[in-house]
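Visitor: The signal peptide annotation in Swiss-Prot covers 1-24, and the record cites sequence analysis as its basis. Among the features that Swiss-Prot reports, substrate binding site is placed at TRP84, ASN198, TYR277, TRP356, with the record citing similarity to another entry. Look at Swiss-Prot and you will find GLU199 tagged as active site, proton donor, backed by similarity to another entry. Residues annotated as active site, nucleophile in Swiss-Prot: GLU317.
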Amino acid sequence: MSYTHRRSCISGLFLLLLALSCEANSGFIGVKDSHFELNGSPFLFNGFNSYWLMHVAADPAERYKVTEVLKDASTAGLSVCRTWAFSDGGDRALQISPGVYDERVFQGLDFVIAEAKKYGVRLILSFVNQWNDFGGKAEYVWWARNAGVQISNDDEFYTHPILKKYLKNHIEVVTRLNSITKVAYKDDATIMAWELMNEPRDQADYSGKTVNVGWVQEMASFVKSLDNKHLLEVGMEGFYGDSIPERKLVNPGYQVGTDFISNHLINEIDFATIHAYTDQWLSGQSDEAQLAWMEKWIRSHWEDARNILKKPLVLAEFGKSSRSGEGSRDIFMSSVYRNVYNLAKEGGTMGGSLVWQLMAHGMENYDDGYSIVLGLNPSTTQIISNQAHIMTALAHSLNHE
């Protein structure tokens, strides 16, 4: 058999097995008894962040990068990807101004969802950014001011009726009909969950009450009024607020205007999230001290998710810059994954983790120091893939208990 024919057969077999796997894993991911489930069985995962998917897919000539990452991730056993469903103003803007969209960019998001389905990867899609990257809440404030609305600071994003109206208008993207699959987003099981905001913070009220009472409840209720099939999460980093004062000692020395407990007790929020960047939050401390804090950070939130929230927990962003050395990053990731696995094995709420972040070949201009290209970083790739497989095996074992 020639090499060309053999390669064609292997490729065909891979696509057949992938199609069978995707069919077996069809259906919406739900929550039952504080854990994720799929088709009545426990669902545990290892996944990744790739915020750039829609931005790149807006140019059809660059879509191969999206395909590469999703295919390689699927091959490595990764089953969930978190990415942006927003780009407000600026280059390749999805939302050019309030309610005005670029169909070309929307079709990029359509492609991302279609490709994710093709490779059996579930998506967590975020509606807006805390930060100025890709617009964020600052862009919403600029739009309002440009329309003559008096806004004193960016944190009025959480309270001003005009700004909340703008966001609700964007949230209606859940009703879009995908131009490729011909399935409305709200009816597509490829989407695991919607996320209200990437890393909400409110410097005007460190207690977390403004974000909780004036914003999360209202936005969560609005999302569910449009789409009650998908899970919903806030997008929080996990900082504790005033609801349990002693828990604030777990924070890395400061508050950010959110409250992990109260923000996640809202009924419409289906699962809790935390993020962790020890090399940023604890800069200057030793690797050992950072790892010790990381273990405490994860366990504290796992305990609260299990005992107070009674909802699944996801480590939705974590990473360590490769500029500290590949070996240092591998040690860090192995430790984090071990903690996630052990807590998932202990029972209850730990659902999985999403490393920040996967890139395709030739995307050096996107590299923030945390980027991982599967295959180019073989030791890191092996660590990520091993975690994916043992989490899947654990889910299967739990299903047979």
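Cβ atoms are placed via backbone N, Cα and C, with glycine included.
I'd like to know what surrounds each of these features in this structure.
Guide: Within its own chain, TRP356 (substrate binding site) has PHE48, ASN49, GLU317, PHE318, GLY319, TYR370 as residues 6 or more apart in sequence whose C-beta sits under 8 angstroms from its own.
In three-state terms derived from DSSP, GLU199 (active site, proton donor) belongs to neither a helical nor a strand segment and is classed as coil. Applying an 8 A CB threshold to same-chain residues 6+ apart, the list for GLU199 (active site, proton donor) reads ASN129, GLN130, TRP131, GLY235, MET236, GLU237, HIS275.
A 10 Å cutoff on Cβ-Cβ distances gives GLU317 (active site, nucleophile) a total of 24 other Cβ atoms nearby, all chains included.
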Visitor: Please determine which of the binding-site residues listed here (TRP84, TYR277) has the lowest count of neighbouring CB atoms within 10 Å.
Guide: TYR277
